[in-house]
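Heads up: the structure comes next, in structure tokens.
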Amino acid sequence: DAGSSVEELEFNWDEYLEDTGATAAPHGSFKHVDTSLQNGFAPGMKLEVAVKSDQNTYWVATIITTCGQLLLLRYDGYGEDRKADFWCDIMTADLHPIGWCEQNKKILKVPEGIKDKIPNQEEFLQRVLKGACSAPANLLEGLHRGKNPLDLIAPGSRLELQNIRDSLEAWIVNVVDNVGGRLKLRYEGLDDSDEFDQWLFYLDPFLHQVGWAAQHGYSLQPPLAIRSLKSEADWQEILKKVKEEEEESSVPTDLFKDKPVIGVHSFSEGMKLEAVDPMAPFVISPATVIKVYNEKYFMIEIDDLRPERTSSQSYICHLNSAGIFPVQWSLKNGLHLSPPPGYPGQDFDWADYLKQCGAEAAPQSCFPSLTSSDHGFKENMKLEAVNPVDTEEVCIATVTKLKDSYLWLQLEGSKKPVPDCIVSVESMNIFPVGWCETNGYQLRPPRKAIVNKQKKIAVVQPEKQILSSRTVHDGLKNQELNSSDSVVINGKYCCPKIYFNHRCFSGPYLNKGRIAELPQSVGPGNCVLVLKEVLTLLINAAYKPSRVLRELQLDEEAAWPGHGETLKAKYKGKSYRATVEVVRTADRVAEFCRKTCIKLECCPNLFGPQMVLDKCSENCSVLTKTKYTHYYGKRKNKRIGRPPGGHSNLEVAMKKPNKRRKRRKHFFVHKKKRSSTSVDNTPAGSPQGSGGEEEDDQDESELSHSLAQDRDKRKRKLRTFSFSDDENKPPSPKDMKMEVAEKLQLDSNPLEWSVADVVRFLKSTDCAPLARIFLDQEIDGQALLLLTLPTVQECMDLKLGPAIKLCHHIERVKLAFYQQFAN
């Protein structure tokens with residue numbers, strides 16, 4: 001398109017996954033990432049909270065779920081009733097550990113809403129607090145209040161790192177950077193030199209809080225690699241300075257409580273095994289246990305038979321170290337074992353080798369079980385992984401092979417090509433798709449980025465009557481995030497689990513059967529990513545995905561506080577794309593989900609952070625589609641008059657065809673101007689994979705031409721159906737210039753028709769075959785009067801001819817309604 005702008009190509013995970021046909025590894029497969037998101041609070045913990053209606057009194061509440069510095073609480077006494085659940089910010093809310101009121105002479109008083117349920121307060125408290133776990137006092141008070149534990153490992157903090165290359169001695173390291181728990185560490189004393197910097201996840205078993213070495217009997221010595229850079233006196237002076245400043249730069253001990261526990265091993269010196277060098281994890285090689293330090297640690301060396309070798313590949317291991325296997329493990333799994341350098345011949349044989357070396361193989365009992373089938377990884381899945389050659393780089397990775405609990409990863413986009421890496425499924429150097437973006441770190445894109453191609457894609461346009469995607473802040477005093485801010489609070493993902501409540505009413509757009517097939521929940525995780533996944537699942541569960549996408553599309557003319565994300569839908573061989581708003585902070589998630597449900601005319605509890613167990617609080621099971629639309633459907637802000645006793649949404653819908661047709665006329669017109677919020681470089685309106693307009697486009701064109709002659713009359717006719725607040729009565733029938741073939745006389749008010757009445761009427765017309773659709777979709781009289789030609793075409797999947805014929809009869813009913821019952 002001659003006038004379209006061209007965006008700079010940048011990597012986009014969604015585009016990449018679609019174009020490669022791959023799927024992302026599930027977020028739940030990265031246990032270390034899940035652990036890093038925990039904030040010290042857990043569901044079930046109890047605390048004392050100020051009562052909203054009386055700030056001078058307090059009551060016991062239970063944590064339902066956590067999300068960053070936000071807690072979802074429920075006062076004890078409400079049982080399973082979720083109506084009174086409320087979010088609060090740890091930083092601003094009046095929260096205290098159990099026992100605080102008694103210590104500080106504060107009043108514990110039952111809230112008014114449950115006063116009748118708790119006749120004896122003392123007895124109730126004794127019962128609910130027996131064996132209860134209180135929220136930690138240090139997380140509710142003092143300097144650590146409301147802080148994500150990861151935030152406590154700030155740049156400048158000090159830790160102790162064991163040297164795994166040549167000894168178990170530890171040395172002080174400074175935190176240079178903290179990226180979602182992945183720490184850039186610099187040895188104390190090297191100041192601004194980054195030559196020996198390392199990247200480690202904070203849960204690494206060789207990383208500890210300051211003071212760990214002294215407590216466990218290890219000395220503090222700089223590694224051999226840097227020891228010669230300073231004199232012994234200088235190193236001792238540095239150590240003295242660190243001890244003086246220990247209080248200022250130390251990290252709380254409980255931050256490391258989730259570190260893996262190191263078990264007792266049974267290896268002996270001289271044992272042979274198979275191993276992967278963690279510094280170059282590309283091949284499996286024979287190795288030897290060369291030293292046993294104690295019951296927890298031992299050192300192995302990759303075998304090298306060359307007499308002229310000048311260095312060795314040795315490193316310290318423990319029972320659960322990744323990359324160590326029993327002899328013959330490669331052979332049993334059909335993998336290549338790389339012979340030791342200097343080994344005569346290429347056909348390596350373990351029996352001959354053990355005999356030649358006079359060594360024994362480490363018994364199977366030395367190795368923990370390797371088989372793990374529930375890790376969630378599969379071949380061709382995508383993830384993000386650290387480049388072992390240059391740990392500064394995090395690359396796109398593809399799972400090319402799986403054996404037991406090990407993955408073979410092909411890295412894309414690294415500065416220097418590397419072979420497939422062998423990593424454990426529990427490695428702390430692998431991360432879920434989107435981790436880099438979430439934590440503001442540069443992901444190395446593939447060399448040939450398959451992103452933002454010049455595809456012809458139909459862009460869904462917003463409708464005037466559609467509710468804005470604007471979400472409502474629910475009163476929490478949480479910091480607002482700008483578009484340039486990180487999408488995480490305190491370095492954490494911030495979205496709680498989003499539940500799909502399959503029993504709730506699914507509305508006119510969503511297929512009940514497909515909704516039932518959705519997973520029970522999505523998340524927790526980053527707000528943008530979780531909500532994007534939820535909306536994508538809903539779009540795919542629709543009767544017409546493109547229609548739902550249109551309903552969700554952001555009104556670009558309106559101000560909105562959220563985050564624009566591009567979502568896609570496929571329908572009848574065509575792809576559609578639209579910018580949809582999702583919220584970025586946890587305090588807006590519940591309201592966002594509710595507003596989105598209302599926008600889709602389904603139960604407000606169909607999906608959201610609350611799980612509906614038995615009975616929905618909205619009592620949606622007893623409501624028909626029309627009644628539900630009446631209560632939760634879209635409304636115009638401006639009050640419009642209506643006939644007495646009529647449906648409150650009737651005039652809105654009656655006016656809708658006028659504006660709807662006017663906008664639809666432009667749905668598939670090629671435009672040279674593109675919105676700044678769109679991520680497409682495509683003309684706004686071409687169906688993907690076609691050189692011109694397809695069936696839907698032709699229908700639009702035919703509709704415009706076939707109705708062109710009477711459009712003005714239709715507009716005048718529709719305008720007479722709505723009247724201003726100054727008018728106290730509807731227009732008389734003589735003012736309605738309607739062209740109807742024959743006058744219809746009704747025996748009853750169509751607003752009161754049941755579904756059976758509507759079906760009976762249709763069967764009396766030449767549209768009798770369509771009655772089954774009305775029965776299946778439970779369209780009663782109120783819904784019938786809301787139907788328009790575009791709605792009939794889209795929701796009933798009718799071609800233009802039958803749709804016009806059906807709408808002719810609907811117009812007859814509408815006219816008869818106004819003539820007979822409007823007054």
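Keep in mind that glycine also has a Cβ here, set from the backbone N, Cα and C atoms.
TrEMBL annotations: computationally assigned, not manually curated.
The annotation repeat 'MBT' is assigned in TrEMBL to 11-111, 119-223, 233-340, 348-446. TrEMBL lists 634-735 with the feature region 'Disordered'. Residues annotated as compositional bias 'Basic residues' in TrEMBL: 656-675. Residues or ranges marked as compositional bias 'Polar residues' in TrEMBL: 676-687. Among the features that TrEMBL reports, compositional bias 'Acidic residues' is placed at 692-701. According to TrEMBL, the feature compositional bias 'Basic and acidic residues' maps to 726-735. Residues annotated as domain 'SAM' in TrEMBL: 750-816.
When the stretches 11-111, 233-340, 348-446 are ranked by Cβ pairs under 8 Å to the repeat 'MBT' (119-223), first place goes to 11-111.
When the repeat 'MBT' (233-340) is classified with DSSP, helix, strand and coil residues number 24 helix, 25 strand, 59 coil.
Broken down by DSSP into helix, strand and coil, the repeat 'MBT' (348-446) contains 15 helix, 31 strand, 53 coil. Taken residue by residue, the repeat 'MBT' (119-223) breaks down under DSSP into 21 helix, 30 strand, 54 coil. Here the repeat 'MBT' (11-111) has, by DSSP, the following mix of helix, strand and coil residues: 21 helix, 35 strand, 45 coil. Mean pLDDT across the domain 'SAM' (750-816) comes to 85 in this model.
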